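Enquirer: Okay, here's the structure, questions in a sec.
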Amino acid sequence: MRGILLVCLAAGLWGTVGVATALMTTRSGADPAVFGLIRTALGGLCLLAAARLLRLPRPGLRQVPLGALAVFGLAGAAFQICLFGAFREVGVTVTVAVTVCAPVLIVIAVDAARTRTAPRRAVLLAVTTGMAGVALALPEADRAPAATADLRGMALLVGASGAFAAIALVTRTIAGRVDPLRGAGLGLMASALALAAFLGLRTGGAAVGALAALPLRDLAILLYVGVIATGVAYLAFVLGMHLCSSASAGLAATMVEPGIAAVLAALVLHERLTPPEVGGCALMLLAMLILSRIERRKAGLTPAAP
């Protein structure tokens, strides 16, 4: 139950990113890698600073899952680049739909292959209900342009979905070896290093220098996105995935993100929710209730520690 709620909290914070960036006076995110670098670097630094302030035990080099952190770093960098690239190529609507639903299906398939068992019917019911809610909550689904079939856009969507599924899977390994707070910070810093290397090779750092010209309001928004909507969100995500009974059940809870984003857009940006969008939010809430019930049942079957 706590795992599902924490993943929902992470999804809710991620859902604020779109609204926050829409409030910026300057749309400076022309380069997806730059925006991703800001998010991951600020979030990672905050988590590592918190771990130091709390005097959490430092893991030895042999304890640190270097392989999992490398996967997290590369996958995190790829996710940021592919996600914002897909926004430009195929539009926000299709990108959100695919990157929310596809990782769930990928993780379910990986879990089934690992355990050589079919997913539980209750998990499949929750995923199906959540995906139906996502489809209804997408306000522009009936106006998607024909260009969404573009091969470049499809490649970006596949890359973003696969990268996020990889992050979801390796977070369980990281949280099992390192304190979740420090693990989340190391993972985000690994992503920031990968993005910095990518930008250094491609632009020589010129793209990052443009940040100095941003107004204070935009810098404050980027600070929020990096510290709260990324750092705190990834901490909740890592903790939640560690507490969930399976990666597929935990990742399915992220499908609440489009519903939260739609509600925030209506309240902050004064966008009206249509009846299908309201129904979609209700279906996503139902999916979360199904997953919560699964977690409560499993917790009840687990013997208490002596």
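Backbone N, Cα and C define each Cβ position, glycine as well.
Positions annotated as domain 'EamA' by TrEMBL: 2-136, 152-292. Taken from TrEMBL, the feature transmembrane segment applies to 32-54, 66-86, 92-110, 122-139, 151-171, 183-201, 221-240, 247-267, 273-291.
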Enquirer: The transmembrane segment (92-110) vs the transmembrane segment (151-171): three or more C-beta pairs under 8 Å (separation of 6 or more)?
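Expert: As far as Cβ distances go (cut-off 8 Å, pairs 6 or more apart), the transmembrane segment (92-110) and the transmembrane segment (151-171) touch.
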Enquirer: Count the CB pairs under 8 A between the transmembrane segment (221-240) and each of 32-54, 66-86, 122-139, 151-171, 183-201, then give me the winner.
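Expert: By Cβ pairs under 8 Å, 32-54 leads among 32-54, 66-86, 122-139, 151-171, 183-201.
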Enquirer: Taking the transmembrane segment (273-291) as the reference, which of 32-54, 66-86, 122-139, 151-171, 183-201 gives the largest number of Cβ pairs under 8 angstroms?
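Expert: The listed stretch sharing the most Cβ pairs with the transmembrane segment (273-291) is 122-139.
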Enquirer: Could you pull out which residues elsewhere in the chain have a CB under 8 Å from any CB of the transmembrane segment (32-54), counting only those six or more residues past its ends?
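Expert: Those are 76-77, 79-85, 179, 181-182, 184-192, 195-196, 198-199, 202, 207-208, 210-211, 222-223, 225-227, 229-235, in sequence order.
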Enquirer: With a Cβ cut-off under 8 Å, give me the same-chain residues at least six positions beyond the ends of the transmembrane segment (183-201) that come close to it.
Expert: 31, 33-34, 36-37, 40-41, 43-48, 50-51, 64, 69-70, 72-77, 80-81, 167, 170-171, 174-175, 177, 207-208, 230-231, 234-235, 237-238
